[in-house]
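Sharing a structure below in structure tokens format, with a few things to ask.
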Ligand SMILES: NC(=O)C1=CN([C@@H]2O[C@H](COP(=O)(O)OP(=O)(O)OC[C@H]3O[C@@H](n4cnc5c(N)ncnc54)[C@H](O)[C@@H]3O)[C@@H](O)[C@H]2O)C=CC1
Ligand SMILES: O=C(CO)COP(=O)(O)O
């Protein structure tokens, strides 16, 4: 019997545990707070993040990471990106020697500008070919409700990607494999920043033309950064690129887009933050992505402006004027 540990009991960790359970894997979720774990054990429900989803019998929970990780073939990492390094340092001694580590996270680490798989390799001391990434248009509430979705499992070791694919294939969840880890991770992280911009534009009632332009030019700057870092440009035309970008920007369920709407209504960063307990990864990652782009000499004008609005208190109207008045160029 295959076993998985899901570390992080937020929306996506919990929905992903359900997918694994429905596909026939025994799952133990690690929750930071014992009362969340106890509620899952007793009622089969994560009442804090997905209160209307009943988890399969095969899914249980604990607040003890060693218990969650015992005998796990798949170690699923689903905490906020900026807390991964600290958490994983504690968890690493309990991870089995051949376990596959699977990142669900869509962020870039502040300060180091590292992708999550790089943080995992460094912190857990595992080779890169034991780390897989799952990324695509995967809004957790829809998947928890068994609405159909597709995703990408990326790993440089195709056999491991296929093993993860098999462990998460259900009648409502369809994973594709890919070996481009860099492209899949960048697609997932940068789309959160573009979704912030899309949310800002939505709240400012700027119209559908500019929203389509943000998606298209957002994908262009994501691809530019990806290519500079060694990604396959075709990845950005796939589910982990365009798919996730369109899904996130256009869905009112997206925390990043919703956060952007708060900013677009004129709220400060602090006011927008006070409106949600959930993770809008783009808010912090826009800083790291901007730094990464600058370090590689890549222009990311939308990301630059999102960073200014989020962290430098720039009025979104000023950011828009700056974007529209850049030097003209070829597409
Ligand atoms: N929710 C979604 O629809 C999707 C989310 N993701 C990504 O999955 C990752 C996890 O997101 P969600 O589950 O949605 O987040 P969430 O905001 O729903 O939950 C985060 C979880 O991490 C815990 N947590 C918060 N700070 C922590 C810390 N310092 N140490 C340990 N645990 C901590 C929280 O208690 C909570 O259980 C993010 O990178 C997100 O971008 C990816 C695809 C879909
Ligand atoms: O990554 C996601 C969908 O693929 C979820 O997006 P949000 O974090 O903006 O809710």
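Cβ from N, Cα, C; glycine included.
So TrEMBL has the following annotated:
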type	residues	note
DOMAIN	5-159	domain 'Glycerol-3-phosphate dehydrogenase NAD-dependent N-terminal'
BINDING	8, 9, 10, 11, 12, 13, 140, 255	NAD(+) binding site
BINDING	11, 12, 32, 33, 49, 106, 140, 255, 281	NADPH binding site
BINDING	106, 136, 191, 244, 254, 255, 256	sn-glycerol 3-phosphate binding site
BINDING	106, 255, 256	substrate binding site
DOMAIN	180-320	domain 'Glycerol-3-phosphate dehydrogenase NAD-dependent C-terminal'
ACT_SITE	191	active site, proton acceptor
Which residues, same chain and not among 106, 255, 256, have a CB within 8 angstroms of the centroid of the CB atoms at the recorded substrate site?
192, 195, 248, 254, 257, 259, 279, 280, 281, 282
Under 6 Å from ligand 1 by C-beta, which of these binding-site residues make it: 8, 11, 13, 254, 255, 281? Sequence order, please.
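Listed by sequence, the hits are 8, 11, 13, 281.
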Just checking: which of 10, 106, 255, 256 have a Cα that is within 10 Å of the Cα of residue 281 (NADPH binding site), counting only these binding-site residues?
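Of everything listed, what lies within 10 Å of residue 281 (NADPH binding site) (Cα to Cα) is 106, 255, 256.
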Looking only at the domain 'Glycerol-3-phosphate dehydrogenase NAD-dependent C-terminal' (180-320), what are its DSSP counts of helix, strand and coil residues?
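With helix first, then strand, then coil, the domain 'Glycerol-3-phosphate dehydrogenase NAD-dependent C-terminal' (180-320) has 107 helix, 0 strand, 34 coil.
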If you count CB neighbours within 10 Å, which one among the binding-site residues 32, 191, 255 has the smallest count?
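Candidates: the binding-site residues 32, 191, 255. Fewest Cβ atoms within 10 Å: 32.
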Count the Cβ atoms, other than its own, that fall within 10 Å of the Cβ of residue 10 (NAD(+) binding site), considering every protein chain shown.
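Around residue 10 (NAD(+) binding site), other Cβ atoms within 10 Å: 23.
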Looking only at the domain 'Glycerol-3-phosphate dehydrogenase NAD-dependent C-terminal' (180-320), report the model's average pLDDT.
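Overall, the domain 'Glycerol-3-phosphate dehydrogenase NAD-dependent C-terminal' (180-320) comes to a mean pLDDT of 97.
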When you rank 32, 49, 191, 244, 254 by Cα distance to residue 10 (NAD(+) binding site), which of the binding-site residues ends up on top as the closest?
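Sorting the binding-site residues by distance from residue 10 (NAD(+) binding site), the top entry is 49.
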Considering Cα atoms only, can you say which of 8, 9, 11, 32, 49 is the nearest neighbour of residue 136 (sn-glycerol 3-phosphate binding site) among these binding-site residues?
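When the Cα distances are compared, 11 comes out closest.
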Can you tell me which of 11, 254, 256, our binding-site residues, come within under 6 Å of ligand 2 at the Cβ?
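By the Cβ criterion, which requires under 6 Å to ligand 2, the hits are 254, 256.
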Listing them in sequence order, which of the binding-site residues 106, 244, 254 have their Cα within 10 Å of that of residue 11 (NAD(+) binding site)?
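The binding-site residues passing the 10 Å Cα test: none.
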When you measure from the Cβ of residue 281 (NADPH binding site), how many other Cβ atoms are you left with inside 10 Å?
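Result for residue 281 (NADPH binding site): 24 other Cβ atoms within 10 Å.
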What subset of the binding-site residues 32, 49, 244 lies within 10 angstroms of residue 8 (NAD(+) binding site), using C-alpha positions?
32
